[in-house]
Each structure stands twice: as C-alpha cells, then as structure tokens.
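According to TrEMBL, the features are:
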type	residues	note
ACT_SITE	Glu275	active site, nucleophile
COMPBIAS	351-362	compositional bias 'Pro residues'
DOMAIN	374-472	domain 'CBM2'
REGION	344-379	region 'Disordered'
SIGNAL	1-40	signal peptide
Amino acid sequence: MKHRTAPSRRRAALTAGVAGVVALATTLAGGVALSTTAQAAESTLGAAAAQSGRYFGTAISASRMSDSTYINIANREFNMITAENEMKMDATEPSQGQFNFTNGDRILNWALQNGKQVRGHALAWHSQQPGWMQNMSGSTLRQAMINHINGVAGHYKGKIHSWDVVNEAYADSGGGRRDSNLQRTGNDWIEVAFRTARAADPGAKLCYNDYNTDNWTWAKTQGVYNMVKDFKARGVPIDCVGFQSHFNSGSPYPSNYRTTLQNFADLGVDVQITELDIEGSGTTQAETYRKVVQDCLAVTRCNGITVWGVRDTDSWRASGTPLLFDGNGNKKAAYTATLEALNAGSTSTPSPTPTTPSPTPTTPSASPTASPTTPQPSGACAATLRIVNNWGSGYQAEVSVKANQAISGWTTQFTLSGSTLSQVWNGSLTSSGSTHTVRNVSWNGNLGAGQTATYGFTANGSAPSSSTVTCS
Ligand code: 9MR
C-alpha cells in the first residue's frame, strides 16, 4: 500500500467534502436552510465523525500502551475507546467477589485524560468467564452474574458512554438463544442483566452486542430484533444495539446493512458499530469501509463506529489485515476512504444558517426522543441538548458543546421545570432552583475550533420537549 502524504490526503478529503455539498445543494434546491459554507475537512477520524455528532473509536489493549507508535495513533485519531479484553468478566473478577480493575482503569483513565469517551465491554457473556464461574449454574450463577454487574458497572459508574451489557447471547443459526450456563439459569437472564446494569449506572447507555447480525435476512438478526422489540414493549431498559461487524468472506458486508441498522433504530434504540474490521486489502477493502461509514451516517440513531484495533498487526485476525493502519502505523487506503466518507457525510446534515437564528424554541416533538435544541448562532461556543432515553418517571439527556473558536473552558446553563437532576457525568454541576449550570471538567475544557465535548445527565420527572442551553 502506497502511503499518501498528509497534504495530498487532506486535499482529497476536502475535494470530497465540497463535492458532497454541491451534490446536496442540487438535491435539496430550495426549501431547506442549508449552510453555504463548506466545512473544512477534518484530518482525523474522531474529528471528522464529530462533525455530525458521532464518534469514531478503537479497541485498545493495555499490553500495547507502551508502544509509542500505537498509542500516538490511538490518541490522534480516535475519540471513543473500548478495552479489548480488560473489562471482561475474567479480567475484572478473577476470584469471586474480588475485583481487579488495574488494566481496565489504565485504559479508562488514559482515555478520559485525553478527552475521549469509553465504551464498556462486556458485563455478561458466556465466554471469557473466570474459572470459578464456568462451572456454576442455577440461582448461584444468576446471583454471581448480578454481583458481577453491580461490581463492575458500579466501579465505572458515571464514566461509561455505553455498556455492552450482554454479549453474543444468540445462536449462530436458527434465530434462538445460544446454549450457555447463563442461558440455563432461565430465559430472563438478559433482562435481569439490563435491569441490574441500569440501577448500577443509570448514566450509561445499555447495549446488547453481537456478531453476524448485520444481514437483515439472517435468522440470528431476526432473533435479536425480536428480543429488542419485546424489551422495548415491556419496558426492559435497553438503549442501544451493538453490531460487531467483523466482515470477511464467510460473513461479508451485506448490501442490506443500512436496512438492518435502520430497522433496529426504528424500534427506538441507538445503534452502534462496535468491533468493525474488514478482511482484505486495497481498493476492495477501502470501498467496503466507505460503505459501512456511509450506512452509519445515513441512520440518524447510529451514534458511532469503533474499529477492533489500531494496526493490522494488533488485530485478533492479523493475517486478514482488516484494519485502517498497516503494521508500521501507516494509513491504508481503507483509512483514506473512511476519513473521506466521514467528512463527506458531515456536510449532508442540514444545519440552520448562522445569520438567521430561529427566534422560537424548536417545535415540541411527540417522539420520546425530543428534537435537539437550536444551536446558539454566535459566541465562542454553542450547546444543544437532546433526550437520549426516556423511561417515563425519568430520563437521560446529552448536551453537546461545540467550540466556534479555540476555548480553554466552557460554561453551559439551562432551566428545567418539572424535573430534578440526579446525576451528571463529564461535567461539573451547580444548581440554583431549576437553573442548572454545568462547566467542563479538567479533561474536556480545551477545545479547538469546531471540536465538540459532550456531557450527560439523568433526571427525575418528565423530559422537556425542547430546552435552550446557553454556552459561554
Ligand atoms: O480481540 C479479542 C481477543 O484479544 C481475545 O483473545 C478474545 C477472547 O475472547 O476476544 C476478542 O474480542 C472479541 C470481543 O470481545 C467480542 N466479539 C468478538 C471479538 C473477537 O473475537
């Protein structure tokens, strides 16, 4: 793979971005208020994804963190981090009731100190169980699972963007559950895991995560879909579905991938691509990465994409060279296609023109996910609030702070009547009556022009249909 120089890559991405705006303007001629200024193409995956409010992540292995090439790429390119193995059941509870967070904390602290968010992986799984758990059964195992979720989700409370609460619980064929010691404790083990996780960390999005659920026609996909549908109907607290998306010749990228993502999203959950890798090389591989990115960007509730490792040589499938960087840390064609797709996609989000701010709050939405607030058109920063989860007696909200110029700290303020804040993460709260002021914490105050920081909170009471957040 020929490594392109940085300036030529940036030019290529910019060209793609401008082309995207022209194409969109042509399609949407009239009617839609559209920013006429092309955004400068971003030069890293995380920043490019952030333009549309999404993240771009990677899995990190604690054992590689002292490799400077590895950690520098991870720091430069990604804004979401998953511990590849360090938060799994065997790693975090090696002896029953004795938790070990050394390596998980190492990854989490590095991520938070560098302004990144963290996906938790994974609380309950038939695989990677510690030896003491493997031979357990019945109510003893059920209680051990609950204790494990309380121990791990409790330890990381307030610091995790999304948890893979249950991993890989469906059988590879037939559309039913996989047999496992956990499954044999009773079919309700998955919902018990979700309810336990919600209580242990109300601020984290709770995901079901699996592989070979990408092709809409596959029985396994339908099995998971029906479970999520049932959970939503019965109020089991599930917020998101993770699509691992390990693609290779036996499990190729399906042309109906976007349909799958959209159909799950239509159930009222977020969708996330959680462990992406695509075996192959050259243009074929690059174009498949491009399609995956385009599919995520086309689905409003697709929050972001995580690739399962940094360089090909870091991959669990190293011989398939499935990642975005080669063994020397050089950007592959797959990287360029991914970055281009992220930059092009961002221009396809219609945004209010800076000169004509909307004078009234956005129309209240009937859907449980309230529409985002109108960004403040001027000033050093702008903030938008959106409801990411609403369970009737309470809700979870996410506030995005976008810097219009380089800033070294931010203060947001909003008023909520009819609800009280119970927890805030990634931000520091002071309240006076129903007026809440949230400032940056130590690691997310420094933002370059165009960069975004996100904080979240949970509240009791009913969610506002829209809310204005000021930012200074
Ligand atoms: O990449 C992980 C590898 O280092 C581990 O040995 C393996 C152990 O099960 O898990 C790999 O990650 C898996 C992830 O946790 C769940 N989905 C499939 C991933 C690839 O096997």
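One is the number of the first residue shown, and numbering goes on along the chain from there.
Any Cβ shown, glycine's included, is placed from N, Cα and C.
Counting only residues at least six positions away in the same chain, the Cβ atoms of Ala59, Thr82, Tyr211, Gly242, Gln244, Ser245, His246, Thr306, Val307, Trp308 sit under 8 Å from the Cβ of Glu275 (active site, nucleophile). Averaged over the domain 'CBM2' (374-472), the predicted model has a pLDDT of 82. DSSP states for the domain 'CBM2' (374-472), grouped as helix (H, G, I), strand (E, B) and coil, give 0 helix, 56 strand, 43 coil.
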